[in-house]
Amino acid sequence: PTQCDNWVRTSNGGHFASPNYPNMYPPNQECIYILEAAPRQRIELTFDEPYYIEPSFECRFDHLEVRDGPFGFSPLINRYCGLKSPALIRSTGRFMWIKFTSDEELEGKGFQAKYSFIPDPDFTYLGGILNPIPDCQFELSGADGIVRSSQVEQEGKTKPGQAVDCIWTIKATPNAKIYLRFLDYQMEHSNECKRNFVAVYDGSSSIENLKAKFCSTVANDVTLQTGTGVVRMWADEGSRLSRFRMLFTSFVDPPCSGNTYFCHSNMCINNSLVCNGIQNCAYPWDENHCREKKRTGLFEQITKTHGTIIGITSGIVLVLLIISILVQVKQPRKKVMACKTAFNKTGFQEVFDPPHYELFSLRDKEISADLADLSEELENYQKMRRPSTASRCIHDHHCGSQASNIKQSRTNLSSMELPFRNDFAQPQPMK
């Protein structure tokens, strides 16, 4: 914005006028004035006599444009020209944007305007204009740094429940400019600039040096043309959750010298900011090719030095684990084979023989061998006895031998001529 002629400011207001007032204003002029009141205040604007701006239809030529806000796109209050001075103009917020324009012909005396501050009716229930907010200022300097709203509470600049009106003054390195990039930004009441905002000034905190003001949901990067930047945050009592965090970087214009790095965006930053883990350039050129430099860090050195040892150790542990698993899998099989070699066939036969064929069972393991021999002798004896018995039975049947002799012989052989089953192995030993 271009300010024309003198501008007087006081604590209660001030006044400004068109160039050469009360004489004729020059052609091809464009003068911009931005008025700012304190929080919870509004602006009243009045015009003195004489007043004359070239009249035209809809004030298309020479005119005075007044907007309700701090920007050229703020809501238009009206355009003024002609012979009659405008009536009282009042803002709805803390700011008022005014522009005077003249073309190349038909000049006039111009104007002189006075402005003053009045209490904001929206805050009358709090008593109108409150006491001045406690001093809340911070200073930063160097090649880069962080501007953060959390510093206000950490240093106790304001008490809980109070409004926040703080200023951060940034000093760049010698002969450098300042580039600002938001890392975090949130306004509790978005698009309500009179309740919370973040303003950036280029050179000083004067209203004519206002570079940008953010109160919506998005905040853009800002490039200042001087080595001094001012950041101001305002948040009323109901907007204490508003916050921001901003990175500032000192830079110089190309060509870059030996101790600076070219950012490919008309910026040369200090070499110490390259590969520092923070994007200081407008585009991340300073952090794109940092793999080689990052290896020099402590963690990377440890990883590179002991990587082979860690790998070998891990391999050995893995091999031992596999061997342990294989041993555990094979061990039960060896035990089963050992049991098979000591398997007792006699016991197996005893289990699988049908119960109705088992006439005798072994109860004494110590005499099992003797009984086995006795069984073999009994078998031989039976072979010898069968022919004689058969012939005697036939002879008795036909010859009529005495019953007592037959009964006695049957009684004597009853314990020997017993049937047995020999399907699986040797006959069962008898007790």
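Every residue, even glycine, has its Cβ placed from backbone N, Cα and C.
Automatic, uncurated: that is what TrEMBL annotation is.
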If you check TrEMBL, which of Cys4, Cys59 bonds to Cys31 via a disulphide?
Cys4
According to TrEMBL, which candidate among Cys268, Cys275 shares a disulfide with Cys256?
Cys268
Of the listed cysteines Cys215, Cys290, Cys339, which one does TrEMBL record as disulfide-linked to Cys275?
Cys290
DSSP residue counts for the domain 'CUB' (4-118), split into helix, strand and coil:
3 helix, 55 strand, 57 coil
Around Cys31 (disulfide bond), how many other C-beta atoms are within 10 angstroms of its C-beta?
22
Tell me, which disulfide-bonded residues from Cys4, Cys256, Cys268, Cys275, Cys290 are within 10 Å of Cys281 (disulfide bond) if we use the C-alpha atoms?
Cys268
Mean predicted confidence [pLDDT] for the domain 'CUB' (4-118):
87
